[in-house]
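> Below you'll find the structure I mean.
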Amino acid sequence: GFSVSVYDVTSWSIYLRWPKISGASSYRVTATAVNTVGHSLLSHFSDVTLKGTLTSLIPNTIYAIQAEAIDKNGLILAETQIMQSTAPDIPVIEQAYSKLSSSITVEWRAVPGATSYLLTAQDGDSFTETVVTNSPGTVTGLKPATLYRITIRSINSGGKSRPSPFRKAKTVLAAPILSVSSPSCDSIAVSWKAVYMAAGFSVSLMRSDGLGRMLKENTTNTSLIFTNLDPGTLYTIKAYAWNVNGIPGDDFTYNQRTSPKTPADVQVAFNSGALRAIVSWMPTEGALTYSVTASSGLLKLKCNTSSASCMVPSLQCSSEYYVSVTAYNDAGSSKPTDAVSLKTIPCAPENVSIEEDEPGHLLVSWSSVNFGHYYVVFVKSDDGLEVHCNTSHTQCHFQSDCGFTYFISVFAYNKAGQSPLGDVFNYTTAPCCPGDIRTAVVSSDTLRVTWAPVRGAEMYATRARGGSGEVLCKHTAAACTLSALRCDTRYDITVYSFSEARGSNTSCASKSVATAPCSPEIKNISKETLSVISVHWQSNNKEATYIVTARGEAGLWHCTSSGNSCTLINLPCGSAFSVSAIARSPAGQSLPSYSVPLETAPCCPNELILTQVTQSVTNISWSVGMGAQTYVTALESPKGQAKCHTLQNYCLLGCITCGTNYTVSLKAISETGLTSSCTYQGYSSSACCPSGVKLYRLGNNGIRVYWQASDEKINYNTDLHGSKGNFTCTPSSGLSHCDITEIPCGDVYAVVVSPVTDKGPKLTFCPKKIYS
């Protein structure tokens, strides 16, 4: 843990320090030059001292330094060794001088072993240091005209030498800071602020391109002026101050150009269409830019350019401008050129008024314009035709037509050209009256009016006057539907054309048109017969023919009348109709009246069939009757009546008397209760079956049948039906018995005695007797 450290080094000394070692009573330090034979130094230090200085060493020499801690018995407790070089020898300043106001240059002889040098400039308590590698060296960052003490120290890896003996040196004067301007094209003015410790100043001027001679002035003032210079030329100005000993200070260099000469040969070209002027001139030496000024009263317009021409825009019409050109460079401006006069085109005429002083004639007038020599008015109609008027006055006359829009422009002219386009005015004459008016009846209270479109009309108004009323319709199309009119009424219809600019043309002629007749109102429908219907309506038209139509699934039926009723004939039975009426006149046809429902009585069945089921029951059937929902059938005779009411197309009638003639009737009834009474051919019931039938055997193969006849005029048949055969016996008229022989024995027979009918099948409903 014992070590030695170096805390300072000079050319002849090394400064050491070490830590305290327990038990040490003294310390011994030995320094031996590494590259020098026989040069060694031994020093002793008490235990109280923990630092020491080795002196009388050789500059720029490496030493091996050994330190030992020794106890009171002379024994070495600890030891350590380091290598350390001394600093180079102290340099000697040969000279110190100032060439710039902010620095001093120092020269010295080189010191062996020095790797660099530390230059120090002291001004009172202020120090400025600079490290350099060799001679000469310069200390910078100094104050002008200031006396400094200059020292130098040599440096190597071991440390720095002591400062050399000082030398005094003073910095030169600061350069004057110039303010330069060119008050005119052939002069340059130079001024500056006073310089500390300056006794005088020297200022020189020369063209920067090297041409001509150099001008030089010495002065104790702080300004001067160089005259008779070339315009627009770049000059180089150099200035410095000197002190009382005549020693010059820093110099200051400045480049300044003289202001340009006034441009020559100014030309002005006016563009009337764009209201601008092109100004040109001869270029002048040294001018970087040019400014063109166009003045008119308090108004000034400017144009800047680097070329020899410039465009001045946004000129005002009817104005006189004075145009001048000024050249500029970084030094300033030339004098402006003499002003050139420029008169612009006249302004567009104002207060333009257009009047139609009489139909077909337009009068255009306007206010006079400054610098306007004459005027031209252009009138162009919307069909492309254009006319114009040339005058020195302030009004013009033109012919016009109805329904045209005229676009009117007024221009003023002078030698500079035509005025700008002012407001384009349009004047629309009254629209033409519509022609080819046509009317069509839409309904009793509605007319459709059409016409040919006319020029200039933006809207049309159709007015219908008549029947103590008026109806108005407005539309943009060439058609209008007039509704809410009174039927069977004559109206005067007028179509007016309308434009927003001129309103309505009220001089248009009217046309008389009658509306269609009013719709009739059916008051009553009466039935004359089943197929004949009379229709009655209320007539409220002056002259009209009425047509009545019955419409149904069965078809259409019509009748016509000019009165207030007509008759529909041949209507089919069992049908439903909707009956309506219309009125017709030369003006058109009315709307149909409200429909009235009509139903004809149901049809009678075409076929009716009676079939006797038993001696007292008869079945009646019939075909369907159109329009019938229920039926009532009846058989009537003096002996009584049989009746049946049914939804079907058949019915069984009981309580029928045999051998009786009946009248047959049928009623067909509709859903609403309409009834048709139908009659058919009479009906006779069958003869009565005999009573008291008795059987008697006639041997093994015969039988006699007795009966009691219901009427002596009736003949009877006897039928035997068995499994071994069928047998029939028909007795003579008036007899009430019959014998049947040769029938097989041993069989069971059904015996029936029934009346003989003239036509039709045998009766099968008479009682049977069993015979075995």
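Using N, Cα and C of the backbone, Cβ positions are placed for all residues, glycine too.
No curator has checked TrEMBL annotations; they are predicted automatically.
Summarising the annotation, TrEMBL assigns domain 'Fibronectin type-III' to 87-174, 175-261, 262-347, 348-432, 516-603.
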> If I take every residue in the domain 'Fibronectin type-III' (348-432) and average their pLDDT values, what number comes out?
90
> DSSP-wise, what's the residue breakdown of the domain 'Fibronectin type-III' (175-261) into helix, strand and coil?
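Computed counts for the domain 'Fibronectin type-III' (175-261) are 0 helix, 49 strand, 38 coil.
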> For a three-state summary based on DSSP, what are the helix, strand and coil counts in the domain 'Fibronectin type-III' (516-603)?
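Taking the domain 'Fibronectin type-III' (516-603) as a whole: 0 helix, 51 strand, 37 coil.
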